[in-house]
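Working notes, beginning with the structure itself.
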Amino acid sequence: MSELIPITTPLREFKGHENQVNVVTVFPNKKRMVTGSHDKTLRLWDLKTGILLKKMEGHCGRVLSLAVSRDGQLIASGDTDSVLIVWHGATGEALTQPIEVHSNWINSLDFSPDRTVLAISCSWDNTTKLWNTKTWEQQGDPIMCGRTVNCIQYSPSGKRLAVATNDNIEIYNPDTTPGHVAFFKAHTSWNLFLTWTPNGARILTGGDNLDPTIREWDTTTWKQVGDPWTGHTRYIRSIAVNPTGTLVVSSSYDNDVRLWQLSDRRTIAIFKYSSIVNCVTFSVNGNYILGGGEDGVVSEWALPQDISSKACITTAREACMHEDLSTSEELFTQDINTDPNYHASYAHRSKASVTTARIACINGDLFTAEELLTQDINTDPSNHSSYAHRSFVMARRHNWDHAFRDAIKSISIKPSLTGYISKAIALCGQGHVRNARAAFDVASIYTDQNPQTIHFLLLIKVIAFFNADQYDEANLLLKELVFGCPNADTRACHIVEAYLCVQLGLKALDDARHDEAADHFTAALNSDALSSESDIHDIYEDLVVLFGWDLKSLWRTAHQKNCYALLRAGKLQDAVKSYRYMMASSDENTKAHYLDWSDGKFFTEECSALCITGGDAALAAGKYDGAIDLYSAAIDLDSASDVVFANRSKARSEKMLWEGALLDAQKVTKLNPSSHVGHQLAHTALCGAQRYDEAIEAFTIMLSKLDDAPEAQIRNLRQQYVCPSEAEDAIRSAVWIELENAPLRLLNTSTGLLCDRAAQINSFKMSPEYNDLVSFATKDSNLRMERIKDVVATYFRCVLLSHRWEEAEVLLDDIQNKDLRELNGLGGIAKLQSFCKVARDAGYRWAWMDTCCIDKKSNTELQESVNSMFVWYRHSALTIVYLCDVPPLSQRGALARSVWNKRGWTFQEFVAPKVVIFYQKDWSLYLDDRSPNHKESPAIMKELEDAMGIDARALVTFRPGMSDARQRLQWASSRITTLQEDIAYSLFGIFGVHLPVIYGEKKQNALGRLLQEIVARSGDITVLNWIGQPSEFNSCLPAHITSYATPPCTLPSLSEDQIQTTISSLRKNPVAVDLASGLYERLDNTSAARFANCRLHLPCMAFRVTEVNLSYGSSQETRYEVKADGLHDLLITTKEPIVQFSQTKPTQQTFVLVRPWDRSLLELPDFTDLQDDTESEGEYLTPPSSPSDNSPGHSLVKQEVDDLELRAFRLLVRLGQPFGAFLLARQHGGEYKRVASDRDIIAQVADVASDRDLMNVRTIEIL
């Protein structure tokens, strides 16, 4: 091809702008043009005269973008100040005030084809917004594009919106949310411009300096078609396509405007500008190019003559197709006047009648078409084209013989593509398929080997064979066309495929094969070629002419028949979905048609009834999605009673679709204002949406509706509801019950504030949980439900810290009225902050730390805190143990060695809570044990068992109370505290006692008060079993808790057989019988040990000491030979001498050895023990063991002992066994003091059968 010579002289120029022209748009009526400029104005021009009609002012920024609605009624303009102005298309007057619609430049605008929406894009905020042209308000959320937006444009059908961003071309369906359809990388760098071809089959895009090409994209596959269009050397500024879709014009910063032929992507003309060309477009008739540049001038260029004439003919042909014959004549005349020697125009004008006949075929008026073509044949019998077209008409009328004769006549006059196509179609109609194949083969000779023509010929062959019932051959050929022709119009293939599917569906439907019919219709609808407002009728009108296809209603027919087929096939859900999709995807006119179609017909009524019935069943079965769909379908079908809306509201509430449920509830109220149901449903939805004030209001209205209901049955429903104040009372009660076992002050881990009890309650009242409860507890039955308790318990769950106090601990004053999160994180503050973070991350709102959450200045609060500490830890949701001396990555054994494991308070802090987790110095998990409760970790519990010497099961199942008091004291005997009194105070919770806290008292006094309480409440004398120094509080109590470190001496015991043997022997001795009976009766009437004013009143059997002799052995120990009435002589061995026996002169003091009385020896059930643990906490219902559970022989008694005599003998036998004795010294006032020893004193009755000293049972007062 020879090199093109640039055209440098425009036909005319439009001058008036004072700065560069950025955008040019031509009105659909071909008569006017509007331009926008850097000079901040728009100008309206008369295209015929070139006169400036109006200067449109109002912008304060440079005008960058323009759009004219397709009816020419509206003009929209956008500027660099993000301002939009809308103008009247006819007068140029502003219809709106300046509207700020974006945050930066508005660089692209486009009206939807129906003018209802204006799309607006901003270059820098990466969004495209859709504005309603009636309200001029934003419609929906912005479309968030990937990068800077450069250009936007609706497709010709309006069903797609294309967006060019720096990175990609993005395609959206503006009618759906989300509407993203496709995106693809068009150019190697930025995508600066895009436009659709008039038929919507292609998108053309332009790139920047790095890729100054135009690229063509198939809109069904979004794949590139052919190679890039090259020619421009700098980035593409604008692209336009002429009305017939045959020519493309583009402008660039290289000062060139290029004219391209779309079919082969070839440059056919170049227009050279003197400056950069910012914008370019075609005139409506396609004969002229209009462009604006940096020189502020709009230039009009005429297309080269041969190109212009072809464009004119194409446009005239379109006028004929729209039955605008006067315009067609005008265009042909115009072209003749331009070039009298251009024969094509004469030929086209002479064939206007053929074109009119074609239009009649398209409109289905076959009689008129036949008459017109017959007139043309009569006028010119040698016109082969008229015969061929009449053959098509006769084929449409199924007059196959006439069609065949006309086809043969056409070919005989002049063999042509049209003639052989008509012959092949006629032969197919006659059933001569083999001959038709031959005719199609010959027709291919006259295609000039044009691929597009060949492709369309083969499509006609597919349709003709299909109509001849050659389905398999037709489908095979169609598939080959789709996959075997890379440059073919694949959209045409898909349209034909869809149409054939519809035809197969109709055949199946006629034969009552409903499932098969539905499959065919669904396949057609799934085709990318169909849309609710498809322009395929115009694009593929030849198919309409040849076969009478109704392409305009193809989509509609497929949907209607699909709904019918699915309904008849029993696929109700699918039928509903198909109907809803059909309605949602349709414009208003199409929807009106569907309503006409369904109104009064079986589909609406039957489908509605089935939908409601199915919805009720789905709702009852808990299939809420299905219920919503079915009720929605019924509502869409205008079967919308208040019951349907009510049921859909219920289903939506179950799916937590609160807004939809509320709208349905409001609809129920509107349809049935006197009913309480709508307000009840609104209450439920508003509660779910956490709009609690409105929910309470709706609930109150509901109660009034119930009160005012005329039906007694409805009024009676009021009795099951309570007013909100009653609900609040129930919640308040639950809160106080929950807080009764919680610390007085807690740290809010979310706010960082220390909260007292009032602040905690106020926080709860401000929470969604509280409002939800108030709204929930509306029925009387709900007040008795566990939900209130559960919600309150969950909200107030708290985490407590167990730790070893360090030097710089944070105190109450350090955090009072301060946000903990904002404090300097050093020392104790850092520990507290880390603790709260761990608690918050674990999902807990409240936390407690003993250093800073107790007001130690308040004696009352301190008292309550110490006495409640065990209960607080017991009721904590989690206790975190912080091991400050265990470094990260420590191995097993570090916990056992930690100082935490030796402190007094930490013992109860571990055994009290149910859930404990250990953290190392850096707040990482000990041993990286990620189990939810380290009390259930075998490795950790084994380590603690070995370290404490306490069985792991006892640690885990520990309950507070008096049972096993001696053993619990032994567990605590190795613990230490900083303050000496705390060794006793830290055990208050262990034993479940509440005693005054008196810091400053002596350690012996604090421990004595605790032991005194244990003995007084339980009568358990095992706590008197110790060795060491006596207490100043009472000589029967130890001075130090370490006195319990040594376990009690284990004494020998008789087996059950030995007991029975001894009893048999005693029965033979009358003295023993009397002794046993009297002794049993006396001991049964003896009370338990008790304390009064630090004096122990100890019931016991007393044996007077008659002689004490000091003896020496080879060891360092001191031995005392002791004689006492009724006892075997005994030897007391000690490491330290007994002071009372070390005087130089014999003492005159009276000594007795006593056996403390233990009522368990009576072998009676002790019911008082069942209450031992429950006194401290109601939840501990497991009865404790008797204080003497470990006494000799007790566990061997398997049978119930009912016989009094037998029990008396058993008592006598057991009294004869060795026992632990106390040595008491009588004081001047007649009281006694215990003589302490560092060894156990073991004594035994000399002759149990005759020793009357056993009867010396008395209560001795011990100081």
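Note: Cβ is positioned from N, Cα and C throughout, glycine not excepted.
For the domain 'Heterokaryon incompatibility' (800-883), the DSSP-based tally of helix, strand and coil residues reads 38 helix, 12 strand, 34 coil. Summarising the annotation, TrEMBL assigns domain 'Heterokaryon incompatibility' to 800-883.
The region 'Disordered' annotation in TrEMBL covers 1172-1196.
The repeat 'WD' annotation in TrEMBL covers 14-55 (among others). Proximity of distant same-chain residues to the repeat 'WD' (14-55), defined by a Cβ-Cβ separation under 8 Å and at least 6 residues beyond the stretch ends, is recorded for 61-68, 70-72, 75, 77, 79, 87, 89, 91-92, 278-285, 290-300.
Residues annotated as repeat 'WD' in TrEMBL: 56-97 (among others). Averaged across the repeat 'WD' (56-97), pLDDT for the predicted model comes to 93.
Residues or ranges marked as repeat 'WD' in TrEMBL: 99-135 (among others). Sequence-distant contacts of the repeat 'WD' (99-135) (same chain, at least 6 residues past either end, Cβ-Cβ under 8 Å): 64-71, 73-74, 76-86, 142-154, 156-158, 161, 163, 165, 174, 587.
Taken from TrEMBL, the feature repeat 'WD' applies to 229-270 (among others).
Within the chain carrying the repeat 'WD' (270-301), a Cβ under 8 angstroms from the stretch's Cβ atoms is held by residues 4-8, 10-15, 17-30, 33, 35, 37, 39, 45, 47, 237-244, 247, 249-253, 255-259, 308, 311-312, 314-315, 331, all 6 or more beyond its ends. Here TrEMBL flags 270-301 (among others) as repeat 'WD'.
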- [ ] Could you break down the residues of the repeat 'WD' (270-301) into DSSP helix, strand and coil, giving a count for each?
- [x] 0 helix, 19 strand, 13 coil
Task: Residues in the repeat 'WD' (56-97) grouped by DSSP into helix, strand and remaining coil - done: 0 helix, 21 strand, 21 coil
